[in-house]
Structures are given as structure tokens and as C-alpha cells.
Amino acid sequence: MKTPAWVPLVYVGPAAVVMAAACLYPVLSALQLGFYDWSIGTPWSDARWVGLETFLRTLQDPAVWRSLRITLLFAFVCVTAEMVLGIALALALEDRPGRPLRGVALFRMLFILPMMIAPIAVGLTWRYLFDAQFGLVNALLGVFGAQPVAWLANEHMAFAAIVIADIWQWTPFVFIMMIAALANVDTAVLEAARMDGANWWQTTFRVKLPMVMNVIVVTLLMRLIDAFRVLEVVYILTFGGPGDSTEILSLHIYKTAFVGQQLGAAAAVSVLLLAVVAGLSWFALRLSDPLHEERP
């Protein structure tokens, strides 16, 4: 007997409702707060309705656009580096039938450790590593005769520091996703390509990687979204300094809400951040179109 079409909906319905509520409630709450002028520590009855004033003020605030530019640059550099390094390492360390590499299992285990560390611990660790006087990074530079660098006191070096910390922590995530995807590639297709005279470069970039393009796109989207949500590492490492050279949008939202005590303005910036992430995700999906197969 054929299963009625509504039966699957009964099974997935409760979970779908819970997930939808968990996603929509924070968004709707932030949207509601954006229409009010409300400070922390005051009752909600003191909140003042301002309509679109907060959103308009947010769009005209140079600090918001400066933070957005820093965030876009941070996300672009980090995600690009993580994708390139993760894919390259996965290709180098994937299982090879008949040609096992010694120590690969141990390396994989050690390599994924950074992504298991709490972001606050990562920020503290790199803060000590980048210390101008006692940091290990400057100590290693001194071995090669280089002068100590004030990593966290210089605008460009501070930005490089948060980028390095993020790449160190999240390249293993890309590596894990890609090593799992490459393990499921049909070896018969690769063998057929080699028999047709394809070299390693052609086999990798014309056969192997296109076969795992769906995983690449999903990994890219996950890292892109996470890059816009980074807060703890930047908070601990630089707190947006020196000046506001590393004040990414999530940290700007935090400062607006809990330092400036302007929840309405913070909510408006949060909605802007959500719109940017949603727009970039949609663009990435449309550009690659990995989830829509051609149908006759």
C-alpha cells in the first residue's frame, strides 16, 4: 500500500515547528527592539517607540559602515585562506589505495584539536603568543634576527593577528569536511580518467573536485556565516583596537548594546548583519547552484 503524502509531514512537522520557532523568535525580537529606544536597566514600560528612526540612523552611521567593511574584509581573507588550505591539506592527506602515508592518522587527530578549543581560550592563547615582550611569535622572529613586532598595537598587525587566529582554529573544519567528501569519490571514475591519460592536475581539478562541489559550497557557506558571527576571539585579542581597526560588526553590536546600553540601535545593526549574511549566502548559492540539478 502506498504511503499517503501527509505521513512524512507528521514525522518532521514537530521538529520543523521547533526549529522554525527557534530561528524566527530571535529575529522577530531584534526587529521589534529596532523600533524602540530602550536602555539596559530600565523597565520595558520606559521604552520609547521611534519607528524607523533607529534603522535610518544606523544606515547613516559611519561607524557601522566602517565595521561592515572590516567584517567583509575579515570574512573574505579568512574564508578564502581556510578553504584553500583545508582543500590542499585534504588532497595531500587523503587515503591512497596501495600507498598509505605514515603518521596521517596521528596528524589528522592533532590537526582538528584547534576547532575543539573554546573561542575564549583561543583568544587568550593568541594574546599571549602575540605579546610584544614575552610572546612566542616575537621570540621565533628573534631567532631569525628580526625585530620584535607590536602585533596588537599596530592597526595592520592587529588585523593580521585576528585573521591568523581564525585561520588556525577553523582550517581544520574545512579539512574534515573535504577529507570526508573525498573519501566518498568513486574510484572507478578516477581510474577511468587516468586510463584516458589524465594527469594528477587534470584528475584533481576536472574530475575529483567537481564531484565534491556540493560539499565545497556547503562548507563555504558555513564558514562564511561563522566568519560574520565571530566575537569572542576578537573581544579577547584586541577588543576592536587599536582604535577601531579590528571592530568587526558583531563586536560593534556588543559594544552598542552592553557598553553604550542602546539595545534598539544594537538590534537595528543585528538586522543589518542578518541581511548581509543572507544576501551573501543567496549569492553564493546562485553562483554555484549546486542543489538544483537540470531536469528534462
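Glycine is no exception: its Cβ is also placed from the backbone N, Cα and C atoms.
Whatever TrEMBL says is automated annotation, not expert-curated.
Within its own chain, the transmembrane segment (7-28) has Cβ neighbours under 8 Å at 271, 274, counting only residues six or more beyond its boundaries. Annotation source TrEMBL lists transmembrane segment at 7-28 (among others).
For 68-284, the entry in TrEMBL reads domain 'ABC transmembrane type-1'.
Panel annotation: around the transmembrane segment (70-93), residues 101, 104, 107-108, 111, 159, 162-163, 166-167, 170-175, 177-179, 182, 204, 208-209, 216, 219-220, 223-224, 227-228, 230, 245-250 of the same chain, lying at least six beyond its termini, place a Cβ under 8 Å from a Cβ of the stretch. Residues annotated as transmembrane segment in TrEMBL: 70-93 (among others).
If you look up TrEMBL, you'll see 105-126 (among others) marked as transmembrane segment. Within its own chain, the transmembrane segment (105-126) is flanked in space by residues 89, 93, 161, 164-165, 168-170, 172-173, 175-176, 179, 230-237, which lie at least six positions past its ends and keep a Cβ under 8 Å from the stretch.
Feature annotation from TrEMBL assigns transmembrane segment to 132-152 (among others).
What TrEMBL records for 159-185 (among others) is transmembrane segment.
Under the heading transmembrane segment, TrEMBL lists 205-225 (among others).
Per TrEMBL, the feature transmembrane segment maps to 263-285 (among others).
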